[in-house]
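Novice: I'd like to ask you about the structure that follows.
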Amino acid sequence: NQTAVNEFILLGFSYGLQVQTLLYLVFLVTYMVTITENAIIIFVVKRNQRLQKPMYYFLGNLSFLEIWYVSVTLPRLLFGFWSQSMTISFTSCMTQLYFFISLMCTECVLLAVMAYDRYLAVCHPLRYPAIMTHKLCFQLSILSWGGGFSVSLVKVSFISHLTFCGPQVINHFFCDISPVLNLSCSDMSLAQTVDFVLALVILLIPLLIIVFSYCCILSTILCMPSAQGRRKTFSTCTSHFTVVILFFSATLFMYARPRRIHSFNLNKIVSVFYAVFTPALNPLIYCLRNKEVKEILRKI
């Protein structure tokens, strides 16, 4: 006889009290810093006329996404540290999984859109204002958000229809795909296949667009006669390129493998990197590498 599970226990970081207190402070400070940094970027982009450009419009979208991205997982984790209660209902787990995967998929597409924007700006500078209009920027942002949430809906709908009958302990600090799949006691071959195929689509297609865009950008930069011009042009792309490397290196490791990932501590550490620290680093990368944003922030 099997009894269906209606709640899970998130194992989180099961260390001593002193270590848990330290982790609580680290995650709390990181969460507050992330929210503050991204809110400042949205405010600056919205209020400053000099930043009413497609590049900063997409940066504002990315900052808005990062605020929700960390808010899906960190408040629950912080509450667990504080109350020592890490239980989560099945419905809450599926909801957290849906929004986390949705925002991750949206970021994949959004980073590809930002690479396309840089490609047009560098390789077709004279046609850039005519192509990258306000209407196209809005359409590309809708494509990013709509595509990300639609792909996640399909993935999570297949996972939520599986049978979970114990053990009910998830060796993770939030409901992620592999730890949840590891608890299923029904045939999950279809759910795994759908998850893997959609993960490849949502990761590899944007990654191919990014690689193609930067190959064209690099070719254009190398053909410039002036060394100063090459440096100036390349500096407009370095922040985005750095964010792409940080994000895709972790997500490809976690989600583009054709088998279930067992939730070892390594996977938990990688998850902390892309789910907690990367959203805090992204605003710093964009601000430190962008003279225009630094000047405006200094004036404010």
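Cβ atoms are placed via backbone N, Cα and C, with glycine included.
Whatever TrEMBL says is automated annotation, not expert-curated.
According to TrEMBL, the domain 'G-protein coupled receptors family 1 profile' annotation covers 37-286. The feature transmembrane segment is assigned by TrEMBL to 22-44, 56-77, 97-116, 136-154, 196-222, 234-256, 268-288.
Have a look at these and tell me how they're positioned relative to everything else.
Specialist: Note on the transmembrane segment (97-116): residues 55, 58-59, 61-62, 65, 68-69, 72-73, 140-141, 143-145, 147-149, 151-153, 155-156, 159, 174-177, 180, 202-203, 205-207, 209-210, 213-214, 240, 243-244, 247-248, 251, 275 of its chain, located 6 or more positions outside it, place their CB under 8 angstroms from a CB of the stretch.
Among residues of the same chain six or more beyond the transmembrane segment (136-154), those with a C-beta under 8 A of the stretch's C-beta atoms are 54, 57-58, 61, 98-99, 101-110, 113, 116, 194, 198, 201-202.
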Novice: Spell out yes or no: are there three or more C-beta pairs under 8 angstroms between the transmembrane segment (268-288) and the transmembrane segment (22-44), with each pair 6 or more apart in sequence?
Specialist: yes
Novice: Near the transmembrane segment (56-77), which same-chain residues lie under 8 Å Cβ to Cβ, leaving out any that are not at least 6 residues past its ends?
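Specialist: Contacts of the transmembrane segment (56-77) (Cβ under 8 Å, skipping residues fewer than 6 from its ends): 10, 12, 27, 30-31, 34-35, 37-39, 41-42, 45-46, 88, 96, 99-100, 103-104, 106-107, 110-111, 113-114, 117, 137, 140-141, 144, 173-174, 275-276, 279-280, 282-283, 286.
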